[in-house]
Amino acid sequence: MLAYSLPSDISPSTFVNTASLVRIVALGLISAAAISSRLFAVVNFESIIHEFDPWFNYRATRVLASKGFYEFWNWFDPTAWYPLGRVVGGTIYPGLMATSGVIYNILHALNLPVDIRNICVLLAPGFSAFTAWATYMFTKEMKDESAGLLAAAFIGIVPGYISRSVAGSYDNEAIAIFLLMFTFYAWIKALKTGSALFGTIAALFYFYMVAAWGGYAFITNMIPLHAFVLLLMGRYTNRLYVAYCSWYAIGTLSSMQVPFVGFQPVRTSEHMAALGIFGLLQIVAFAQLIRSHVTSKQFQDLLFVSVISAAVLGMAAMVLLTYKGWIAPWTGRFYSLWDTGYAKKYIPIIASVSEHQPTAWPSFFMDLHMLTFLFPFGVLVLFRTLRDEHVFVIIYAVMGTYFAGVMVRLMLTLTPCVCVASAVGLSQLIDTFMDPREPDVGEEEEKEDGSSTTATPSKKAAKKEKNAAPVTGVGAIDDIVSTLSIAGGLEKDKSAKAKTGIFGLDTRMVVLFNTAAMLLFFVLHCTWVTSNAYSSPSVVLASSNPDGSQHIIDDFREAYYWLRMNTKEDAVVMSWWDYGYQIAGMADRVTLVDNNTWNNTHIATVGKAMSSPEEVAYPILRKHDVDYVLVIFGGLIGYSGDDINKFLWMVRIAQGVWPDEIQEPNYFTQQGEYRVDDQASKAMKDSLMYKMSYYRFAELFGGGQVVDRVRQQYLPKQGPTLDYLDEAFTSENWIVRIFQVKKEDLLGRDLKSANGFAQGKKRKRSKPPVKRRVLA
Amino acid sequence: MILLCRLALLVSLIAANLAWAAHSFENTAIVRTVELGGASVHVVTTYAVKALEPKSSVYTIALSPNEHEKTSWLEVRQKGQQVALSLQPVLLDTANNLYLYRAELPKQLAINETTNLIVETVQTHATYPWPEQAEQGDEQALKYETDLYVLSPYKTSVQRTKIRTLSPRIISYTTPEGIDFTTDNPVTKSGATITYGPYHNIPASSTLEFVQQHQKHITAHYNHDFPCAEIATLKRAAEISHWGANLNIQDEIVLHNAGPTLKGHFSRLQFQSQTFYNRPSPTILNWFTLHLPAGIRNVYYYDLIGNVSTSRLRTAPSVPKTLSGNPNQYSVMEVRPRYPLLGGWNYTFTLGWDAPLADSTSFDSKTGKYIVGVPVMTVIPDAVVDDAEVKIVLPEGATDVEFFPPFPAKNTTISTHVTYLDTVGRPAVTFHYERLTDKHSGIIYVTYKVPFSAHLRKPLAVAAGLIGVFVLSMGWRRVDMRLDTKQKL
C-alpha cells in the first residue's frame with residue numbers, strides 16, 4: 001500500500017548518480033549560502049578587520065607574509081606591553097596566521113596579487129564552507145546523507161556560528177570550528193572502521209586545531225570522555241583501541257610541537273584525562289587478552305582486584321604529581337567554568353570581558369532559533385539507535401549545553417552539535433512522513449521480508465534498500481528499526497512495527513508543510529540576525545541620516561590614523577587594554593597593555609593611573625614613558641561602550657593589586673549609585689579618566705545644559721581642568737580623545753603650580769617663601 | 001644621461017660666453033610680475049626687446065642660482081602667440097655664477113625691430129611660513145624673498161617688479177636703499193601690489209660685478225588665507241587592460257600641510273565652532289577638490305587602514321575620444337582627509353578609479369599601433385608635488401613601446417610588471433619627476449603594438465591550468481591506494 005505512486009522504471013545506477021549529483025549541487029549551494037551570508041559586513045561596510053583580537057592576528061599575519069615564517073616564529077614585539085615586550089612567536093596559536101600565509105603565498109605564486117588584508121577578511125567565510133562540508137561528513141556517519149545535508153545547511157547559516165565567522169572576524173575560531181568538526185569526523189570514522197589511517201588523520205587535524213585555537217582542550221577531553229563512556233557501557237572493541245591509541249599517541253606528540261603548548265599535554269590537569277584513558281585502554285586491552293586465556297570466574301576476580309588497584313594507584317599518582325608540582329593544577333579560567341562567580345571574585349580581568357558572562361536565554365533563541373527545540377528531539381532520536389558514534393553526540397550535547405550556559409563565548413562550541421542533532425531529528429521526521437508506505441491493517445503475515453534482516457547498517461546497504469523501497473516495500477524505517485534492534489541488542493517483534501505509520505496524503509502534507517515553513521522562518525531569522533546583529537565591524541559605527549542614507553561614524557580610525565601620521569614613531573600610548581591591539585594595528589604605536597592580558601599587574605597599573613588623581617597618576621605615566629593617553633568617550637553621541645562605562649573594571653582590577661590605594665566604594669555616591677554628574681563622588685571627579693573624558697565637554701554646549709547622552713545625566717557647567725596633560729586630539733564625534741603627557745616643568749615646579757602661574761593665579765602664601773638655594 | 005648633460009654643459013660654456021658677448025639686443029622694458037601664492041609662486045616677466053644687430057635670433061635669459069633652483073617650470077613665448085619658443089639646453093655660466101636659458105625666435109629680427117617676449121616661470125618652495133609656528137586660530141603669514149633686479153645680458157632702459165598677493169594684507173616689505181638707477185621712491189605699495197621701480201638705464205647685469213655692486217635682496221611678508229598643501233610623494237600607476245576595456249589609474253599620495261606648524265595642540269571644540277560660524281582657519285587643510293576625468297567608475301579612496309568615507313563625488317558621463325563631446329567635462333571629487341590637516345601634519349591616501357579605455361586610447365590602423373594618453377597627475381590647486389613617479393603598465397605581450405612625455409622626466413625606466421595571472425609579465429614604463437606644479441598637467445603618450453596571440457595568452461594559460469587539475473583529479477579517482485585490496489571498509 002503506497003500513499004503516492006513512485007516511478008518504478010529507474011535503474012539503480014541512475015538513481016545513485018542522480019542522488020550523488022543532487023548532493024554535490026546541494027553542498028555547493030550550501031557553501032555559497034554560507035559564504036555569502038557572511039559577506040553582509042563587507043557589503044554594508046567594507047573589507048575591514050573587525051573588533052579587537054582580529055587586529056592582532058592581522059598584524060601578525062602581515063609580519064608572516066612580509067618577513068617569512070622564521071622571522072615570524074622568532075618575533076619579539078618590543079612595542080607591546082611596554083617596557084616588557086612580548087615574545088609573540090611563543091605566546092600565540094600560529095595556525096590561523098600560517099593558514100593565511102600559505103594561502104597568500106600560493107596566490108602570489110600564481111601571480112594573483114591579492115592583498116593580505118582581503119585574505120584575512122575572507123578567511124572565515126571561506127572556512128565556513130569547509131565547516132559545512134565537515135559537518136555533512138560527520139552527520140552522514142550519524143544517520144545518512146540527507147541528514148548530513150540538513151546539518152550542513154544548518155551550520156552554514158546558523159547565527160551561533162556566524163557570530164564568530166563573518167567576513168573580517170579574523171579570529172582563531174574562524175578556522176577552529178572546521179578543524180573541530182573534521183577532527184570529530186575522523187575520530188568517528190576511525191572508531192567505526194578501526195582504521196589507524198583515520199586515527200592518524202584525526203591526530204593531524206587535532207594538531208592543526210592545537211596550533212589554531214586554545215579551545216583544542218575541548219577535543220582533548222571530548223574524545224577520552226567518549227572512549228571512557230564506551231568502556232563503561234561495555235562496548236570496548238579493538239576498533240576503539242586502535243582509533244584511540246593512534247589518535248592519542250600521534251596527536252599528543254605533534255601538539256607538543258606548538259611552542260605555546262609545549263609540555264602542557266603531560267603536565268597540566270586539563271590534559272590528564274586523555275592520558276588516563278590512554279592508560280586505561282592499555283589495561284583493558286590487556287585484560288581482554290587475559291580473558292581469552294583464563295576461565296570466566298577467575299577473570300571476574302582478577303578484573304575486580306586489578307581495576308580497583310589500578311584506579312587507586314592512578315589517582316594517588318595524579319594527586320602526588322599535582323602536589324609535587326609536576327602537574328599544574330586547574331587554571332582560573334577552568335574553575336570559572338564550574339563556578340560562575342569564581343572569576344568575579346578572584347580574577348576580575350576574566351570577568352570584565354563581556355563574552356565571558358553566562359549566557360542569557362534570549363541569546364540561545366537568537367543564535368539557534370528553531371534548532372533550540374529540535375536539538376533535544378534529535379538527541380532523543382539518537383538515543384533510540386545509540387550506536388557508538390551516537391554516544392559521542394549525546395556526550396557532546398550534554399557538555400556543550402553546560403558550557404554554553406556558563407559562558408556566552410562557548411555558544412560557539414555547542415552550535416555544531418546542535419546542528420548535527422537537529423538535522424538527525426528533522427531528517428528522521430521527514431523520512432517518516434515522506435515514506436510512501438502506509439501501514440497494513442490486519443495483514444500481519446504479509447510483512448515478511450528478507451532484506452530487512454540485513455545486519456549491516458552501512459550506508460551502501462541503506463542506499464540499496466532505499467533504492468529498492470518503491471518496489472519491495474521496504475525502506476528507511478525498516479532499516480532504522482532494524483539497526484535499532486541490533487544496536488539495542490533487543491529482539492523485537494517485527495510484525496508489530498508494520499502497524500505503525502502514516503495514513504493518507506493530507507497528514508503527510510500538513511506535517512511537511514509545517515516543517516518547510518519552519519525551515520523558511522529559520523532562514524529568515526538567520527539572515528535578519530546576521531545582517532543586523534553580527535555584521536558590524538565595531539571599528540566603524542553606522543547610523544542613519546534623516547533621509548535614511550547610511551552615515552558612517554569613523555572616529556576610531558580617524559584618531560588612530562592621526563596617531564600614526566603625526567606622532568613620533570616610538571611614542572608610547574596608554575589606553576585601557578581593550579584598545580591595545582587596535583592601536584598597535586591601526587596606529588602602529590607602542591602600547592602599555594593590550595588584549596593579550598597576560599600580565600595582570602601591568603593592567604592594574606594602567607587601571608590605577610586611570611582611576612587616580614592627576615598628581616598620583618603623573619609619576620606612573622612618566623615612569624612608563626607614556627607620551628599619549630587615549631580614552632574612549634561616548635557621551636556626545638551616545639556610544640555606550642565607552643571608558644566611563646568600563647571604568648569600574650579598571651578600579652576593580654587596580655584594587656586587586658593596590659587595595660590600600662584604590663577602593664571601589666569610593667567611586668560610588670553616598671547612595672551607592674554610579675554617577676558622573678555633580679553628585680559624583682570626589683574620587684570619581686578627581687580621577688584621570690573622568691577628567692580626560694569630560695575635559696572641555698561642557699563648553700561644547702555653550703552655557704546650555706550639559707548632557708551626557710550615554711548615562712543620561714546632567715553634568716556641572718564648570719568642567720574639569722587638567723594640569724599634567726594637554727588635549728592633543730579629539731575625533732569628530734568626540735569618541736576618541738587623545739591627551740599628551742606634559743614633560744616635567746623646566747624650572748622644577750610641579751606642573752599644577754606652573755599652570756597656575758601661567759594663568760596668573762597667585763599662590764597662597766601660608767608660609768614665608770623659601771629662599772632659593774644656591775646651586776653648587 | 002646625467003654625464004652626457006654635464007659634458008654638453010661644459011663644452012657649451014665657451015660657446016655661451018661668445019654668444020652673449022655680442023650685444024645683439026637691448027631691452028626697452030622689463031616688467032616682472034610675481035603672483036604670490038602658497039607653495040608655488042607664478043612669475044611672469046615681459047621683455048620688450050629691440051634688436052641691435054641684423055639677423056638676431058637667439059635671446060638669452062639669465063637666472064641667478066637661487067632662482068634657478070626654485071624654478072620648476074619655465075616657458076618663453078612671444079606676446080600674442082600661443083606656441084612656446086624652443087629653448088636650448090640650460091647653461092651654467094661659472095664665471096658669473098648664472099644659469100642661462102637661450103630662446104630661439106621663430107624669425108630673425110632686423111635692426112631696430114622690436115618684439116615682446118613673455119617668460120613665465122613657476123617657483124616652488126619659494127615662500128616659507130613666518131612665524132614658523134601658529135596656533136590653531138591664528139592667521140597664516142608667509143615670506144617671499146627674491147632679488148631686486150631682473151638680470152639680463154643686455155642693457156635695459158626701464159625695469160619694474162610687481163609683487164602681487166591674494167589679499168591686500170601685506171605685513172611688511174623691504175625698502176631698498178642706495179638705488180643708483182632711480183631718483184624717485186624705489187618702492188610703492190597700492191592695495192595688494194608692491195611695485196619696485198621703475199629703474200632706468202641699467203647696464204648689462206648678468207655679470208658678477210653687477211650682482212656684487214647693485215643687486216639687492218627684497219622680502220615680502222604677507223597674509224595668505226589658504227592652506228599650503230604640499231604633496232611629498234605622488235605615485236601614479238596606470239594599468240591598461242584590453243580585455244576589460246579599462247584604464248585603471250591609482251594615485252598614492254603623501255600629503256603635508258606646509259603652513260606654519262601647529263603651536264600647542266589641536267582643539268576639536270575650537271575647530272567645530274569655527275566650522276559652525278563658517279570662519280575657516282587659513283592654516284587648516286580640511287578638504288580640497290580634484291577634477292577627475294569624465295566617465296570614471298569604481299572610484300576608491302582609502303588609506304593604510306581602510307576606506308575613507310568622508311568624501312563626495314559627482315561623476316560626469318564618459319566622453320569617448322572619437323565622439324565630439326565637451327572635452328571640458330570632468331568628475332568632481334571633494335576629498336576630505338580623515339582628520340583636518342593642521343600646520344605640519346601629514347596624511348597619506350590612495351585614490352584610484354577605472355575609466356573606459358576608449359576615452360584615452362586610440363588605434364592607428366596605418367602603423368597598427370595603439371596610442372594611450374595618461375595625464376602626469378591630477379592637479380591639486382596651489383599644491384606642489386615634490387617627487388612624482390608615474391608608471392604606465394601596458395597589456396601583457398605589448399611590443400614596440402615608444403613614449404612621448406609632455407616635458408622631459410628626470411629619468412625613465414622600462415621594467416616588467418607581473419600581476420593577475422600573467423605568464424610573462426607586462427611591460428611598464430616609469431617616469432620620475434620632481435617639483436610638479438599646476439602647470440605640469442600634461443599627458444604622457446605611449447604607443448605600442450599588441451599581437452593577437454598576446455591577447456590569447458591568458459585564457460590559454462588559465463585553461464591549461466584547469467585542465468591539469470582535472471586530469472590530476474581524474475587520475476586520483478582511478479588509482480586504488482589501498483594496501484589490502486581484499487578488505488572492504
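Every residue gets a Cβ built from N, Cα and C, even glycine.
The transmembrane segment annotation in TrEMBL covers A:21-41 (among others).
As annotated by TrEMBL, domain 'Oligosaccharyl transferase STT3 N-terminal' applies to A:24-421. On the 0 to 100 pLDDT scale, the domain 'Oligosaccharyl transferase STT3 N-terminal' (A:24-421) averages 88 in this prediction.
Residues annotated as transmembrane segment in TrEMBL: A:87-107 (among others).
The transmembrane segment annotation in TrEMBL covers A:119-139 (among others).
According to TrEMBL, the transmembrane segment annotation covers A:145-162 (among others).
Per TrEMBL, the feature transmembrane segment maps to A:174-190 (among others). Here the transmembrane segment (A:174-190) has long-range neighbours at 95-96, 99, 123-124, 127-128, 130-131, 134-135, 137-138, 141-142, 155, 161, 164-165, 196-199, 201-202, 205-206, 208-209, 212-213, 215-216, 218-219, 222-223, 226, 239, 242-243, 246-247, 389, 392, 396, 412-413, 415-416, meaning same-chain residues at least 6 beyond its ends whose C-beta is under 8 angstroms from one of its own.
For A:240-260 (among others), the entry in TrEMBL reads transmembrane segment.
Per TrEMBL, transmembrane segment is recorded for A:272-290 (among others).
Residues or ranges marked as transmembrane segment by TrEMBL: A:302-323 (among others).
Counting same-chain residues at least six beyond the ends of the transmembrane segment (A:364-383), those with a Cβ under 8 angstroms from any Cβ of the stretch are 142, 154, 158-160, 163, 390, 393-394, 397, 404, 411, 415, 418-426, 428-429, 518, 521-522, 525-526, 529, 533. For A:364-383 (among others), the entry in TrEMBL reads transmembrane segment.
For A:390-412 (among others), the entry in TrEMBL reads transmembrane segment. A Cβ distance under 8 Å defines the sequence-distant neighbours of the transmembrane segment (A:390-412), meaning residues of its chain 6+ beyond its ends; these are 142, 160-161, 163-164, 173, 177, 184, 187-188, 191, 222, 225-226, 229-230, 233, 235, 336-337, 340, 354-359, 363-364, 367, 375, 379, 382-383, 418, 420-421, 424.
Annotated region 'Disordered' per TrEMBL: A:437-466 (among others), in sequence order.
Positions annotated as domain 'STT3/PglB/AglB core' by TrEMBL: A:570-622.
The region 'Disordered' annotation in TrEMBL covers A:757-776 (among others).
Sequence annotations record features per position, and here TrEMBL assigns compositional bias 'Basic residues' to A:760-776.
Using DSSP to sort the residues of the domain 'STT3/PglB/AglB core' (A:570-622) gives these counts of helix, strand and coil: 32 helix, 6 strand, 15 coil. Across A:21-41, A:145-162, A:240-260, A:272-290, the stretch most heavily in contact with the transmembrane segment (A:87-107), judged by Cβ pairs under 8 Å, is A:240-260.
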